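Chemist: I grabbed these lines from Swiss-Prot:
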- 373: active site, nucleophile (ACT_SITE)
- 38, 44, 47, 126: [4Fe-4S] cluster binding site (BINDING)
- 250, 280, 301, 346: S-adenosyl-L-methionine binding site (BINDING)
């Protein structure tokens with residue numbers, strides 16, 4: 001519910017100071033409540049805030065961030081987060097992966113999971129996806145009607161085709177399609193491949209990724225190229241970037257550029273930067289723009305494929321002042337971190353390993369930028385970094401990478417207090 005609203009609710013769970021209730025009917029509506037743009041919103045679990053005015057969505061997320069820092073991190077004295085308003089609230093996602101299922105009478109369902117369920121909501125258009133992805137999805141739907149392939153997303157059953165992943169180049173218009181199955185189905189996919197090549201979706205590659213294991217990982221270790229190539233190109237911070245089919249790359253390119261440029265601005269205003277350490281460097285989207293500014297950069301990435309693509313991306317852009325190390329950050333960082341380094345941390349949602357935080361507070365690099373996609377783990381990690389009073393938070397910047405959802409990206413800049 002939004003401020004000022006009145007509603008009829010059903011109490012589902014109650015404690016002394018807490019009640020969890022389900023909404024039955026809104027009696028008095030807030031002017032901040034809007035009509036969802038998506039016709040599937042009431043069922044689909046992909047978005048959770050389409051009923052809220054977009055700018056107020058960001059205000060809610062900012063409050064959740066502040067609450068996490070105060071309640072989880074037990075932080076009392078930190079600067080007010082700066083809000084960077086997103087450039088677009090819809091059609092921003094450059095990648096999506098859809099579970100697939102054949103109904104008993106042969107119809108193929110492609111979509112997203114229903115809220116709090118493993119049932120697939122059949123969608124034909126998603127307003128947060130890049131238009132090119134929606135176009136490719138529409139083409140795939142039509143082709144699958146005439147070319148039946150056994151499909152079942154449920155890892156407990158035999159399956160066949162499990163997921164369809166579509167990635168688009170926002171600035172290059174390239175499209176890459178990956179069919180994920182629990183065994184090779186490339187022979188079954190060839191008729192589909194031929195028709196997709198003849199469509200207007202600008203497809204540069206069609207792949208079959210094989211994921212035979214009964215777990216929740218979408219992609220497996222083996223990918224077969226059916227046609228074209230297994231990557232796309234895009235422009236990122238004026239650099240040419242190669243992105244693999246299973247590579248991690250921020251789904252909102254425009255907002256990711258804003259975050260990188262914010263880090264560049266912080267670095268440009270500091271003195272005597274000897275080198276930059278980019279922990280969790282991925283395919284080099286942070287390291288390469290920073291190296292192009294003339295800094296010496298070391299990128300650390302444990303994923304083999306991402307590491308190899310990062311090297312290729314540096315070569316494509318003729319960057320000579322960068323070194324990529326295919327290493328575990330927790331084991332490798334203690335060997336190279338120096339007090340005058342500028343350390344950039346961009347970990348997965350689970351945050352930093354406690355042993356890595358111990359290394360940081362022991363070796364004490366003078367500057368730290370921590371980019372986080374999870375306010376809860378960010379708050380936890382900051383409390384551990386700050387507990388010995390060796391660092392001060394200089395700035396907190398919030399980016400809305402994921403409009404229409406509760407997710408938030410946060411950049412925290414810390415500076416060492418002691419020499």
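In case you wondered, yes, glycine gets a Cβ from its N, Cα and C as well.
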Chemist: Which whole number of Å gives the largest C-alpha distance between any two of 250, 280, 301, 346, the residues noted as binding S-adenosyl-L-methionine?
Modeler: 16
Chemist: Measure from the CA atom of residue 47 ([4Fe-4S] cluster binding site) to the CA atom of residue 280 (S-adenosyl-L-methionine binding site) and give the result in Å, rounded to a whole number.
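Modeler: Cα of residue 280 (S-adenosyl-L-methionine binding site) to Cα of residue 47 ([4Fe-4S] cluster binding site) measures 27 Å after rounding.
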Chemist: How big is the Cα-to-Cα gap, in Å, between residue 126 ([4Fe-4S] cluster binding site) and residue 346 (S-adenosyl-L-methionine binding site)?
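Modeler: Per the Cα atoms, residue 126 ([4Fe-4S] cluster binding site) and residue 346 (S-adenosyl-L-methionine binding site) stand 28 Å apart.
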Chemist: In three-state terms from DSSP, label residue 47 ([4Fe-4S] cluster binding site) for me.
Modeler: coil
Chemist: Can you tell which of the binding-site residues (301, 346) has the fewest other C-beta atoms within 10 angstroms of its C-beta?
Modeler: 346
Chemist: Are any of 38, 44, 47, 373 (the recorded positions) within 10 Å of residue 346 (S-adenosyl-L-methionine binding site) when you go C-alpha to C-alpha, and if so which?
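Modeler: Taking 38, 44, 47, 373 one by one, the ones whose Cα falls within 10 Å of residue 346 (S-adenosyl-L-methionine binding site) are 373.
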Chemist: Are there any residues in the same chain, six or more apart in sequence, whose C-beta is under 8 angstroms from the C-beta of residue 250 (S-adenosyl-L-methionine binding site), and if so which?
Modeler: 256, 285, 401
Chemist: Any idea what the Cα distance is from residue 301 (S-adenosyl-L-methionine binding site) over to the residue listed as 'active site, nucleophile', rounded to a whole Å?
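Modeler: If we compare the Cα positions of residue 301 (S-adenosyl-L-methionine binding site) and the residue listed as 'active site, nucleophile', the gap is 18 Å.
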Chemist: Spatially, and counting Cα to Cα, which of the binding-site residues is closest to residue 373 (active site, nucleophile)? Options: 38, 44, 47.
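Modeler: For residue 373 (active site, nucleophile), the spatially nearest of the binding-site residues is 47.
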